[in-house]
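Asks: Shown below is the structure under consideration.
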Ligand SMILES: C[C@H](NC(=O)[C@@H](N)CCCCN)C(=O)O
């Protein structure tokens, strides 16, 4: 008897690796500028507000123009193969524009824009590139998540989502650790971006492996007349909006991620200023965060698959993050070992919450609305990812300037406030699960 592709362990893990590698390249590009903040200041003259504007351009298309939601609708209407190819192409266009901005535009040229006023042309072009990249990247993110749920539902779903997040963290870790050595080797700020762009091309090629396999799965499902179940209707969005569990998880996502990814954008400089780490190695300590999550996210995902306790796992993760920022806020604690220890705790927290969060969405929202549901959650999350770096940049510039350096006290309070609020939503979600019986505390693997 010929084995069905939907039952083949090798097939679904091949799909997972192909999609995860594509995402990993995206994550590398997403944060490649973070360790370069101080150099951007020294070489191009960007101040903290300009760096904040660049970081917040992440949300120009996704949040303000609602493109991320458009991406989710495209996914549910056109399917994962089309959307994945489209999104990866968009990421590439954005990456090239970002590279062009840093490599070819003179940082002293200024331009005037209707709402923004006067700004550096280089900042504008680079930010536009980043905004376009972010649209492709986030659309690819929801596509990857939906692909994995489609291939793994009822099987090792949380483990698989955890593995995908692990690959993603590998990309973030590369982004923390590699740019400064690449810059030192070539002496140009644009070379790390070029490096990522070439990797993205590789990611585009590897995605084609998924395209071929998914076509086979579609044929098999069409024979079993399952395909029609997965048709999307616009009214589905309203149904998602009415779901309270969905909003709790979306708010938890917004607050928790806003306390982690935007922090990483400033973490290298924070290590230098608060913990007196040598600038040469300062990227290594934040790089420990993704390193830990690399192994722990699949581990916790596996635990969720077999033992359940998804809502509890998310609550523990948010509480640990609170502990980290309380420690960062204590003035006298500035030995580099404290920074290392806190990065490890942050890594555990940042493994716990995503390992339980993403599979839990699939328990609250049915499959045919999942693309739109992930898109809406990512949209809410993007408000924080785009807004918090801008707020932190402004706060640093206005209240944190100490000569040529910065005092990070207020930014740490901002991050602490975000994760304290995330604890409230983790508690609300746990209660809602008890009331509605979503099964967040139950294992994912069906016996
Ligand atoms: C899987 C999840 N992805 C996201 O949350 C995306 N919206 C990307 C955010 C990454 C920003 N650098 C995750 O990474 O845990």
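Residue numbers in this text run from 1 along the chain shown.
Just so you know, glycine gets a Cβ as well, placed from its N, Cα and C.
As annotated in TrEMBL:
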DOMAIN    246-447  domain 'Major facilitator superfamily (MFS) profile'
TRANSMEM  9-29  transmembrane segment
TRANSMEM  57-75  transmembrane segment
TRANSMEM  82-101  transmembrane segment
TRANSMEM  121-137  transmembrane segment
TRANSMEM  158-180  transmembrane segment
TRANSMEM  192-213  transmembrane segment
TRANSMEM  245-264  transmembrane segment
TRANSMEM  284-304  transmembrane segment
TRANSMEM  311-330  transmembrane segment
TRANSMEM  336-361  transmembrane segment
TRANSMEM  373-396  transmembrane segment
TRANSMEM  408-429  transmembrane segment
Asks: Does the transmembrane segment (373-396) come close to the transmembrane segment (57-75), meaning at least 3 CB pairs under 8 Å for residues 6 or more apart?
Replies: yes
Asks: Which of 82-101, 121-137, 192-213, 245-264, 408-429 shares the most C-beta pairs under 8 angstroms with the transmembrane segment (311-330)?
Replies: 408-429
Asks: Among 9-29, 82-101, 121-137, 336-361, which stretch has the highest count of C-beta pairs below 8 Å with the transmembrane segment (192-213)?
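Replies: If we count Cβ pairs closer than 8 Å to the transmembrane segment (192-213), 9-29 scores highest.
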Asks: Please figure out which one of 82-101, 121-137, 158-180, 408-429 racks up the most CB pairs under 8 Å against the transmembrane segment (336-361).
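Replies: The stretch with the most close Cβ contacts to the transmembrane segment (336-361) is 158-180.
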Asks: Quick one: average pLDDT across the domain 'Major facilitator superfamily (MFS) profile' (246-447), no decimals.
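Replies: Taking every residue in the domain 'Major facilitator superfamily (MFS) profile' (246-447) and averaging pLDDT yields 92.
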Asks: Can you tell me which of 9-29, 121-137, 284-304 gets the most C-beta pairs within less than 8 Å of the transmembrane segment (158-180)?
Replies: 284-304
Asks: Counting only residues 6 or more past its boundaries, what in the same chain has a CB within less than 8 Å of a CB in the transmembrane segment (408-429)?
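Replies: For the transmembrane segment (408-429), the far contacts come to 245, 248-249, 251-252, 255-256, 258-259, 262-263, 266, 270, 273-274, 311, 314-315, 317-319, 321-322, 325-326, 328-329, 331, 384, 388, 391-392, 395-396, 399-400, 440.
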